[in-house]
Amino acid sequence: MQRTLSIIKPDAVKKNVVGKIIDRFESNGLRIAAAKKIKLSKCDAKAFYAVHKDRPFFNDLVDFMVSGPVVVMVLEGENAVAKNRELMGATNPKEAAPGTIRADFADSIDANAVHGSDSLENAVNEINFFFASREIC
């Protein structure tokens, strides 16, 4: 049983599609082991996305992630990392397969509705960034 981190980004929260996105996870065998709605600080957003700090889009990404509330979740299930990435679709919603979260709910490569851990190792680190072990059940 794997765990992965999912973030429903400010654009999707603003569009009020959180429930529809959660339904995609649950109807595809991913269980929500923890969830909370938060407003990221600029400091937290910079720390979370530090791997991208030298990329040209870093400041825009940070500004976007602090533009409104997000929903952070720990998803649990068989091959959770890969399954979540499959459900999300390509980073650019124009390239995302029909029926994926990004194809259905994202507006652009920047406002792309969701974040998901890209590896098991990153999933552990990302989960620990947002959740104490006692919050996950």
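Heads up, the Cβ atoms here are built off N, Cα and C, so glycines get one too.
The active site, pros-phosphohistidine intermediate feature in Swiss-Prot is assigned to H115. In the three-state DSSP scheme, H115 (active site, pros-phosphohistidine intermediate) is classed as strand.
Under DSSP, F57 (ATP binding site) is assigned to coil, being neither helix nor strand in the three-state scheme. Taken from Swiss-Prot, the feature ATP binding site applies to K9, F57, R85, T91, R102, N112.
Between the C-alpha atoms of R85 (ATP binding site) and H115 (active site, pros-phosphohistidine intermediate), the distance comes to 9 Å. On its own chain, H115 (active site, pros-phosphohistidine intermediate) has L5, S6, I7, K9 as residues at least 6 apart in sequence with a Cβ closer than 8 Å to its own Cβ. Least packed by the Cβ count within 10 Å, out of the binding-site residues T91, N112, is T91. A C-beta separation below 8 Å, combined with a sequence spacing of at least six in one chain, links R102 (ATP binding site) to M88, G89, A90, T91, N92, P93, A96, N112, A113, V114. Cβ-based neighbour count (10 Å, all protein chains) for K9 (ATP binding site) stands at 22.
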